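J.: The structure that follows is given in the form of structure tokens.
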Amino acid sequence: MTTRRALLTAAAGWGLGGAAAARVHRVQMLNRGPGGAMVFDPAFLRAEIGDLVRFVPTDPGHNAEVIVGLAPTGTPPTRGAMGAVFDLRLERPGLYGVKCAPHFGMGMVALIAVGDVRASRSGFEAGVARLPGLARRRMIEALTRLG
């Protein structure tokens with residue numbers, strides 16, 4: 001009985017391993033930062049399935065939302081309220097494009113790479129081609145960091 005209980009306890013612990021290992025990544029929404037005016041900092045990050053990205057409005061007047069068509073298939077449209085913290089749980093592997101709606105035309109975008117992104121890269125790049133000028137340039141710059 002003791003051996004059985006030990007095995008069940010160990011199995012339960014293995015099942016929780018992924019959830020327990022999930023990280024919280026903090027991204028600031030800034031009027032001015034390392035990448036210039038109207039930026040997410042960092043504008044690129046690598047994460048794993050199950051991680052949480054917390055977008056923090058360090059400066060007022062920003063939001064964060066997943067760019068429609070620039071997220072893994074099946075990702076629901078998600079949007080944070082203006083001036084509020086927005087938590088994005090990463091549930092699928094692939095590339096996630098994020099924008100600040102009021103500053104999208106000013107290039108306020110971020111790229112999140114989750115797990116193995118090779119399968120989604122070409123479709124994502126095709127979507128990036130449709131972004132407004134500075135947003136497109138910044139997203140292409142972020143894509144170069146994938147390697």
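Glycine is treated like the rest: Cβ placed from N, Cα and C.
TrEMBL: automatically predicted annotations, no manual curation.
OK, TrEMBL features for this one:
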type	residues	note
BINDING	HIS62, CYS100, HIS103, MET108	Cu cation binding site
DOMAIN	28-114	domain 'Blue (type 1) copper'
J.: Would you mind ranking the binding-site residues HIS62, HIS103 by how many other Cβ atoms sit within 10 Å of each Cβ and giving me the lowest?
T.: HIS103
J.: Starting from the Cu cation site formed by HIS62, CYS100, HIS103, MET108, give every other residue of that chain whose CB sits within 8 Å of the mean position of their CB atoms, in sequence order.
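T.: Once HIS62, CYS100, HIS103, MET108 are set aside, the remaining close residues are MET29, MET38, VAL39, PHE40, GLY61, ASN63, ALA64, LYS99, ALA101, PRO102, PHE104, MET106.
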J.: Can you check what DSSP calls HIS103 (Cu cation binding site), collapsed to helix, strand or coil?
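T.: Assignment for HIS103 (Cu cation binding site) reads helix.
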J.: Near the Cβ of MET108 (Cu cation binding site), how many other Cβ atoms are there if near means within 10 Å?
T.: 28
J.: Counting by DSSP secondary structure, give me helix, strand and coil numbers for the domain 'Blue (type 1) copper' (28-114).
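T.: Once the DSSP states are binned, the domain 'Blue (type 1) copper' (28-114) shows 6 helix, 40 strand, 41 coil.
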